[in-house]
Amino acid sequence: MAFKIASSPHLTQHNQTHTVMQRVLLCALPGVAVQCYFFGFGSLIQIILAISVALLCEAAVLFLRKRAIKSTLNDNSAMLTALLLAISIPPLAPWWVIVIGTCFAIGIVKHLYGGLGQNIFNPAMAAYVMLLIAFPVQMTTWVAPNSIALHPVGLLQSIQYIFTHMPQASIDSYQLGVDGISMATPLDTVKTSLSSGLTMQESLQNRIFADGLPVGWLWINLAYLVGGLAMLKLKLIRWQISVGVLCSLFILSSIGFILNPDSHLGPLVHLFSGATMLSAFFIATDPVTAATSLKGRLLFGALIGILVYVIRTFGGYPDAFAFAVLLANLCAPFIDYYVKPRAYGHRISH
Amino acid sequence: MLSGIIFAVIVLTLLALCFGLLLGFAAEKFKVDGDPLTDQVEALLPQTQCGQCGYPGCRPYAEAITAGDKINKCPPGGTATMEKLATLVGVEPEPLNQIEESTIKKVAFIREEECIGCTKCIQACPVDAILGAGKLMHTVISDYCTGCDLCVAPCPVDCIDMIPVKQTTKTWNWQLNSIPVTLLEKEKPC
Amino acid sequence: MLSLLEQIDSGTLWQSPGGIHPPQIKSLSNTRPIARLPLAQEYVIPVPQLGEQAILAVNIGDLVKKGTPLTQGQSATYLAVHSPTSGILVAVEERASNHASGLPVLSCIIQADGLDTWSLLDSHQDFQPLSNAEMLTRIQAAGIAGLGGAAFPTHIKLNPVSDIELLIINGIECEPYITSDDRLMREYSHDILTGVSIIQQLIGPKRIIFAVEDNKPDAIKAIKKALKRHPINSAQIRVTAVPTKYPSGGEKQLIQMLTGQEVPSGAIPAQLGMLVQNVGTVFAIKEAVLDGKPLIERVVTITGERATTPGNYWLPIGTPIEHVLSLSQTPKKPPQHIIIGGPMMGYILPQASAPIIKGTNCLLLPSDNEMLVEQQEKPCIRCGECAQVCPALLLPQQLFWHAQAKEYDKAASYNLQDCIECGCCSYVCPSDIPLVEYYRVAKSALREQSKDKQEADLAKQRFDARTQRLEEEKTAREAKQQQAASRRKANVTNKDNDVIAAAMARIKAKKDSSPSTQEITAENTAIAHTELAQKTDKKAQIAAALARAKAKKAQMATALNTDITSPEKAQLNANEGAITHIPVTDSPIVDKKAKIAAAVARAKAKKAQMATAQNTDITSPEKTQLNASEGSIAHIPVIDSPIVDKKAKIAAAVAKAKAKKSQMATALNTDITSPEKPQLNASEGSQRSITQTPVIDSPIVDKKAKVAAAVARAKAKKAQTTAAMQPQDRVTTENQTESSSEQTPVTDSLSIERPVLDKKAKIAAAVAKAKAKKAQAQQENKD
């Protein structure tokens, strides 16, 4: 009588990779919903497009790499990457933007480095940066929030815009944000205003801000914050990275605001505009590309926050999470190397 | 103009001299007395002293490698040792020139009732792992035996066997192999 | 700042890092009292120390009682083994072990007689009068090992080198499912406390902490209740409920929770002045010291969804698990796995025939959906959960990568050796990576590596020592040789002529048939027996022929002497073989005999030369070479026997012819040729007729016979080309002859008195040389 042998432990918890990814996706839903509410169905279409392209692309790459296709697709990681990329790009960006971006994220950033767990850069952010540099116009033509838009975009219209072309007005109309559909993001608006000699107070007078806070973006960020807290509650992520990001961003922006409120955005604007909450909870916390130890993660998060503030304030780009995350990704192995926990029984005092 | 050129030449020469002296001084002063290559090579060799490389022991082979001999002459070390040697000496790895011996460690065993006490194996043993005297039965101290095979051929009555070292619960190395094996099978394309 | 003991007294508990909270599932088995199972037919008691540190104390076939020691040992780490029941020790053989590998291990098989009668027990009313040494002896004799799983000999643990301030009684039992300690504490709390007081007397700690996990309230209650009634000093002892967390039962984790201290890596708790004992062990100590009962049974939890009657049982050590299964398993789909130990650290038993051993605390019989769903390893997503739960604060991820890439050195640099294999990391891993398995493989690979390194170092050391020794021997030999050469030179210049003259004179004297006074006794007797003076002429002829032969040989010998660096003695012996029988040929009995002797001697001499040639490049004890020559010497006296038949004569002639013919062939080949056989037969016949005084003691003869046999075997091996039957025949015949021939006094004296022999050999060599010169001269004269 002989038995099959397996190593201990024979018990495991049932939190597996695919369920983790699935739950992260679910936690992103409130944010996605709010984003759709403010910017129309464009984001939804982009998400569907991105997910299908991501799955196809992953299947193709796995086929080429001669790996198990079904089980790998089941881990939901490609879906999450696609979702994050899709909600990061402008909702009405042409279809090929998201297709190229997704293929780049999955095929190059993820699989060329060895697939899930092996990539050094966050695939969604790497793809976002690639798109931003390759297609700057398409990537900065954001949509005006529905509440203040002259012509809110419907579902069919969105499909039409995405798959044919956007009735693109001239660059200046987009600059002024008067064509009724496209509009610069709040951070972009501020940057443009500041560079054209306006003070911060004047910049915030733009109709994209209400009471000094960005219209729509505030709610989107709050929704992602809720999703992020849910993830913390579900123990899908640890608090270190998110807290690191938000705290460093908050502290730096507060210091800047106190020192010179005329040229610096307030901490609340920093926290609730752009991709702050999305990045702090959903993007920077990607375990594959982050530091691993708890202390390391706190450092990793803080580094992202600092970089974001520096680029937002002094750099040439209005929002900086993609760059900050990628730069921090580069530093992750370095952080891991120097922030090793002391193993049991290795206390120096003995 | 000309004086400028001459001046430049002089300055450069002086500088070159200074740095040359400095470098020379540093080279002398901070000389690293690393392990001689032979010692490093020897440390990689398995020390079975079996002579299968054609040299009378591991040290001579290490010396030969340092002198430029091939690195693929050590069957007991196997491919692993060869690769380490290749990295150390800085040459391309090459396949072993003999069939690699099975990785199972063996030790010599003398069938004692047949031993005639000829002491030939004692003389052949490179590590003095055989105990015995003339006309008295010999035995192998298995803890010292390197499994080099050298005692087998000289035995006039063929009473020496190479016996694989038996695996016990103490030496077992957790090759549960069920888990990795099933995985490998499943990794193949569907 | 409070001192540690004060903090402990105030009930402070510390945090230990990591840990998990797996489902407990203890109620499955902890509701019933500890029961017993019917006796098995056969018990298998592993005796791994047998042959190394222990010897068998009973014989196979002996009747053993329950508690009879099966082994005896002296060393400190020796762990006594006892018979768990009465019966007959039927065998000591290798049986499947209760180990993750299932590799066979030497075991005593006891056929139970069903009576289960105890051997005489040496019980004590009270342990107080016993000295520490006595108690330790009793503990060692009882074969008590840590019952928590590690099975480390308890008598060593209880004899620490440093002072123990804090004794911790480990009643944590943090593994899910297992309840054996729980039940033991509930039912035997008084006995356990007695055990604690025994340890208290042994090591005298300042404080005793009885640590129980807070998920066992009944056990805590029972211990507290017993403490009130027990004579033990309850001021020193403290029952602490530890929050439930796996793996708080680990020695290091428990110490951290109770004292906030960490056991340094690679150290043992005793270095911190602490000692941890499992409750089961404490109970066994009480049984051993007071009742004199050895450790022959333990409480085992049988649990899992497949168990029909989950609960705790007193199972004798050595009970085959098959037997337990037949009584407690749902007979459904038999080939299902059994886990020995808990679900976190237990291992799957490969063979159900393996026995219960001292460290077996649980038999887990899970159903298929209960645990161990076939899981596929997925890529690590670096989630870092493993690092959060690691109680040893390691980086399981990094360890995993290095272990997977077989970079074991790097894994070791991440403190792989501090991993306690608790399985927390694998438990939380979302990618289902069997991390612990990787670590175990890496650990054993590291162990292997360090062993190989050690062995290589040892081999190198021994090789260097040997090389040095050989070098020294060589120089010593060269010096000796030089000395000898110079002496020889001196001899040649001064005494050579004298020697030749002396030899000539002797031969002349013999020709005149006047018996020399300086001949050996054998010769004397021979001469005394005969008066065949008329054959002197013939004898002289023979002598001349012999001398010629000798000359040739001597030349060869000298040639060898110059060529090779082997000890001279080899050649001397070769010469000796020939020379020792010169007196024989001189003897006037039979000329034929002399001829035979000559032939044989020649053959032997050649053989001896062969031996020397073989030995040329090796340096061995001189005895080796003597070996070769001795055989030849042994033969000669046989030929001395007065009865010679025709056969022998023919044989001798043939042998001579052959010898001449096969100059290029090896001497050994000549030896093998069949003609020698009749000759040997002849000598055998002659042997019977000789009535010799048996002066030699038999052991020597036996040994010699053995040696001779082996030599014969060697020859047989070399003669593989000849007919298959022939060597066998030869072996037997020669065996007989040689063994009988040893009995002649000549051989005896030769082999016993080595110095004499050497001297003789030298003399013989000198004589041979002289003869050779003479023969040469004669030849020249003839020419």
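Backbone N, Cα and C define each Cβ position, glycine as well.
Annotated [4Fe-4S] cluster 2 binding site per TrEMBL: C:Cys390, C:Cys419, C:Cys422, C:Cys425, in sequence order. The compositional bias 'Basic and acidic residues' annotation in TrEMBL covers C:469-480. For C:680-695, C:729-750, the entry in TrEMBL reads compositional bias 'Polar residues'. TrEMBL lists C:714-724 with the feature compositional bias 'Low complexity'. According to TrEMBL, the feature domain '4Fe-4S ferredoxin-type' maps to C:369-398, C:410-439. The region 'Disordered' annotation in TrEMBL covers C:469-491, C:666-695, C:714-755.
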Close approaches to the domain '4Fe-4S ferredoxin-type' (C:410-439) from elsewhere in its chain (Cβ under 8 angstroms; 6 or more beyond its ends):
18-20, 22, 246-247, 250, 252, 265-266, 344-345, 375-381, 383, 385-392, 394-396, 398-400, 402-404, 446
Counting by DSSP, what is the helix, strand and coil composition of the compositional bias 'Basic and acidic residues' (C:469-480)?
12 helix, 0 strand, 0 coil
Which residues, same chain and not among C:Cys390, C:Cys419, C:Cys422, C:Cys425, have a CB within 8 angstroms of the centroid of the CB atoms at the recorded [4Fe-4S] cluster 2 site?
C:Gly18, C:Cys386, C:Val389, C:Pro391, C:Ala392, C:Leu394, C:Pro396, C:Ile420, C:Glu421, C:Gly423, C:Cys424, C:Leu435, C:Val436, C:Tyr439
Which residues does C:Cys390 ([4Fe-4S] cluster 2 binding site) neighbour through Cβ under 8 Å, counting only same-chain ones at least six apart?
C:Pro17, C:Gly18, C:Pro396, C:Cys424, C:Cys425
What's the most sparsely packed of the binding-site residues C:Cys419, C:Cys422, C:Cys425, counting other C-beta atoms within 10 A?
C:Cys419
Looking only at the domain '4Fe-4S ferredoxin-type' (C:369-398), what is the mean pLDDT?
84
Is C:Cys419 ([4Fe-4S] cluster 2 binding site) helix, strand or coil when read with DSSP?
coil
Using DSSP with the three-state reduction, classify C:Cys425 ([4Fe-4S] cluster 2 binding site) as helix, strand or coil.
helix
Summarise the domain '4Fe-4S ferredoxin-type' (C:369-398) by DSSP state, stating how many residues are helix, strand and coil.
8 helix, 0 strand, 22 coil
